[in-house]
Amino acid sequence: MDKIIDGNILARKHEDILKEKLNRIRENRNPTVVSFCNQDDPPSVKYTFMKLQQAQDLGIDFIAEEFSADTPREYLEKLVKKYAEDSEVDGILVQLPLPENLNPFKEDLLNLIPLKKDVDGLVVGSPYLPATVKAVISILNSLRHPEPAKGEARSFQERLVSGSQKEMPNQVRHDNWENQKIAVVGATGEIGKPLVKLLRSKGVNLVEISSSMGSIENDLKNADIIISAVGSENLIRAEMIKEGVILIDVGLGDFDPGCFKKASLYTPKIGGVGPMTVISLMENVTEAFFRKLKSS
């Protein structure tokens, strides 16, 4: 038996709310975001295309700047500075990972982005949550929705979670996830580090697992919720987890399919965290736009 958390349904709900907010704009321009993408990295190209489509659906202007390992560092920095100084650009993001030869200058490049335009939340002191971290928290929060009244149509929560409705033994309660034991696998990575920081601030009973640790089974066995952001296919196997656990796959394939039979809820490899990450980024762009309006 399994229960799939449908990220597409949740993203559409967030999209509807965002469209309503954007429709109230009475300015002479749309929110604008610039995305720098490594054209030699297929996942980055795919993700950039997803962002472009979502931006177009919302009426957000999206500028894609491509670069490669052959792009001189100085040219890339000059381009980032150009958009940093452009008053009609609300957000700037640099799609990671960078090419190997440019990676040593990653921090220098990101620090060229003004905090008010750091919509990907990658710069220290940014007012925005990283989009993927925001997506994970939104998914967990979405499970709180109450059941519908008698005779009412299926609730958003019922549509969000597909699969068997039969209760599992030792099923984790969904309405109080902050009180559960949460394991983050890949806790020191690009996504894991800010996620761990946020969860700590909420006082969560947290288990931090580095992807470089030899054995992770003992740390996972008692976790009520496992969030994995490693990017290592089938890293976590069924025998490592308990019945009724909630699984959030940020690494796109970290969980062996056998895990899903034991889970009470899980995000699929495709259509889980991904759609929510894209809409979360657009929420940050919109917030940056409105912050600018208020300050002008």
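The backbone N, Cα and C atoms fix where each Cβ goes, glycine too.
Per TrEMBL, the features are as follows:
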DOMAIN    5-120  domain 'Tetrahydrofolate dehydrogenase/cyclohydrolase catalytic'
DOMAIN    175-290  domain 'Tetrahydrofolate dehydrogenase/cyclohydrolase NAD(P)-binding'
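Looking at the domain 'Tetrahydrofolate dehydrogenase/cyclohydrolase catalytic' (5-120) alone, the prediction's average pLDDT is 95. With helix defined as DSSP H, G or I and strand as E or B, the domain 'Tetrahydrofolate dehydrogenase/cyclohydrolase NAD(P)-binding' (175-290) counts 43 helix, 22 strand, 51 coil. Residue counts for the domain 'Tetrahydrofolate dehydrogenase/cyclohydrolase catalytic' (5-120) by DSSP state, with H, G and I taken as helix and E and B as strand, are 56 helix, 19 strand, 41 coil.
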